[in-house]
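In what follows, a structure is listed as structure tokens, so that the remarks can point back to it.
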Amino acid sequence: MANSTKAEEYEKMSVEQAKASVNSEAESSFSINENTTASGTGLSGKTSVCRQVDTARKRKEFEDDLVKESSSCGEGTPSKKRKLDPEIVPEEKDCGDDEGNSKKRKRETEDVPKDEYSTGDGTQNKRKIALEDVPEKQKNLEEGHSSAVAAHYNELQEVGLEKRSQSRIFYLRNFNNWMKSVLIGEFLEKVRQKKKRDITVLDLGCGKGGDLLKWKKGRINKLVCTDIADVSIKQCQQRYEDMKNRRDSEYIFSAEFITADCSKELLIEKFRDPQMCFDICSCQFVCHYSFESYEQADMMLRNACERLSPGGYFIGTTPNSFELIRRLEASETESFGNEIYTVKFQKKGDYPLFGCKYDFNLEGVVDVPEFLVYFPLLNEMAKKYNMKLVYKKTFLEFYEEKIKNNENKMLLKRMQALEPYPANESSKLVSERVDDYEHAAKYMKNSQVKLPLGTLSKSEWEATSIYLVFAFEKQQ
């Protein structure tokens, strides 16, 4: 609790730095120098942070707060070490994920990581430059990134259920999907408490339509799906038509599908009804592509928030930049990761607020450049559209909070979001590395539990624990 409070205090102070950092004279950045050591399933150790601040005392305050923030969002602290393994999952060979038995289930990792980080100048009384006053060279960042992202997702092949179940990241995908299911379900319920019918949703970066069934189960009335990749949009629309045409199908929402770059194009100009308002905008594993420049990030937020009704929500998942930078600074090179995922930065020590590019690769499924998202900056920018941050948790914090609910726990089992450990005689574990399951083996020895346990391998947990969930509410 103390760590959480400290993290919130740090972010409030950091917002002022974020405002002052973006100026027209030089690129804004913040510098972090950490000495950390690998420990257990994650990274831990004492952190030293160097920032440009006006006094040594304030710098020390920021250092201490960032240490707290890093430890709370990392997976290496002693109190968090067991993470997912205590959850018990019986073997259910015929269980599928929440997305149903359709052969066109969502390829969970069409959605990709993102981040958040630390800030530069700490002088709050210094001139406070408006966020719009971004350096000219930020405005002239190289063209082509958006088309590269679109091309990458257009080239991804649809994979059937059988092949997907054999993937090294099968449980990782299902776990990420469970996180989204719980997040979407929770905020649909909040909307339903305010209005009983005619719920309208904008799915920003819908991919191939992996969340369609979630919206159907949420009994919404209208869905607008947008994505930068035209092939993905066509597959999403086909998946919707397949759902609609099933003989046993219940009522399904109406939908429209738009191919557009939400960071460069104004979506209301493409809506059938430009006056349409939304109750929820969902942006899952997408925000980070927009932080190439201020203009792109602002356009993404405008598209996400401008047409939200008062009391509506902007929800999503995005990488935790504090965690990304912490792991980077702990690495001896400009990259970090394991056999499942890799993150490679261009250099260490200088992390601009916009255009801080890194390459992310996930098991051959995702391989595309992304940009850090400094969350206090995202929070500050969202205020322009009358949005208030009402929820923010790391994936670990979110899991530990939501798994206490029996419905969520049953959904976790149905979706096969955790791997049964130990494997039975007719199956094998997804990882051949013994140390990938040391945490589960240790838990078995120290606790009287019903077997098999449900867990993620160490490698999978390292990959998924770079994310956080968030929700903003539109104010009156």
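For all residues, glycine too, the Cβ spot is worked out from N, Cα and C.
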### Query
Of G205, G209, G218, which one shares the S-adenosyl-L-methionine site with K180, D227, D261, Q284, Y289 in Swiss-Prot?
G205
### Query
According to DSSP, which kind of secondary structure is K214 (site 'mRNA cap binding') found in, if we only use helix, strand and coil?
helix
### Query
Which of these recorded positions is closest to H288 (site 'mRNA cap binding') if you go by CA atoms: N177, K214, R239, E370?
E370
### Task
Measuring Cα to Cα, tell me the gap between K214 (site 'mRNA cap binding') and R239 (site 'mRNA cap binding') in whole angstrom.
13
### N176 (mRNA binding site) and R239 (site 'mRNA cap binding'), distance between Cα atoms, whole Å
20
### Task
Work out the three-state DSSP category of E370 (site 'mRNA cap binding').
strand
### Query
Tell me, how many other CB atoms lie within 10 A of the CB of N177 (mRNA binding site), whichever protein chain they belong to?
25
## Note on the structure
Mapped onto three states, the DSSP assignment of Y467 (site 'mRNA cap binding') reads strand
